[in-house]
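Worksheet: one structure, shown below.
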Amino acid sequence: MIKWPWNNSQPQVQTLEHWQAAISIPLLAPLSDEEHQKLAALADQFLKQKRLIPLQELLLTDIMQRRIALLFSLPVLSLGIGALDGFHEVLVYPGPFIVEEEWQDDIGLVHTGKMVQSGQSWDQGPIVLNWQEVQDSFDLSGFNLIIHEVAHKLDIRSSGEATGVPLIPLRDIAVWEQHLHSAMDALQEEIDLVGEDAASMDPYAVHDPAECFAVLSEYFFSAPELLEERFPDLYRCFQKFYRQDPLARLKSWQNNINYRAPSIY
């Protein structure tokens, strides 16, 4: 039973009911009652501080907004809402969207063209999502679009650009980079051996260090057992940075209740 830190007036009871429904997704099931309370409080702050802007006639219902806010708040559960101060707006498409992009090839030529994107995190601007893949982020599968984009914002806070190294003590940077690059090398070797489709983790992680940090942050929160098994040293680095231990949380939850995945309404 979740106990909520609100008084018993009618508007607050209504709010309580909304948060209970929004929290009922598999990703958040392992959190303790205390963590649910803290997460809901952070999500409430998030909704007061950020603008959620639906695009292409998407209707963002109350529970959709609350679930978006909860997923944004999960990676900063111990860091605090101030860690998300690098943006003010979240744009939400119904599904993957097309953008004009520039890229440089191996010989230095710059190309432009249209590309399909799932999400974007602009260095000095909003986060862009698509609701279809936000819904795919509700389970414990290793995929989480919002956590991926939040990781980019946390990365950018460190130096003003995404490098794969978030805001950590200087003494920890060398070890962080060593373990991150080691994970990239191991994943690249696996991809070379079995191909991208058969790889055990998302091959996008080998794109560059920033994407590796973002992709593996998804696993840290939604498939911690896999990340810890494959890259235990990097798991501990993430644990120290995020100040959370999702694997211990998951094991405790599995050991203390009869597992039944929450229904998504």
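Backbone N, Cα and C define each Cβ position, glycine as well.
Feature annotations, reproduced from Swiss-Prot:
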| type | residues | note |
| --- | --- | --- |
| BINDING | H111, H148, H152, E211 | Zn(2+) binding site |
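Structure coloured by features recorded in Swiss-Prot.
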{"residue": "H148", "record": "Zn(2+) binding site", "contacts (Cβ under 8 Å, 6+ apart)": "G119, A214, V215, S217, E218"}
{"residue": "H152", "record": "Zn(2+) binding site", "contacts (Cβ under 8 Å, 6+ apart)": "S121, A162, A210, A214"}
{"residue": "E211", "record": "Zn(2+) binding site", "contacts (Cβ under 8 Å, 6+ apart)": "G164, Y204, A205"}
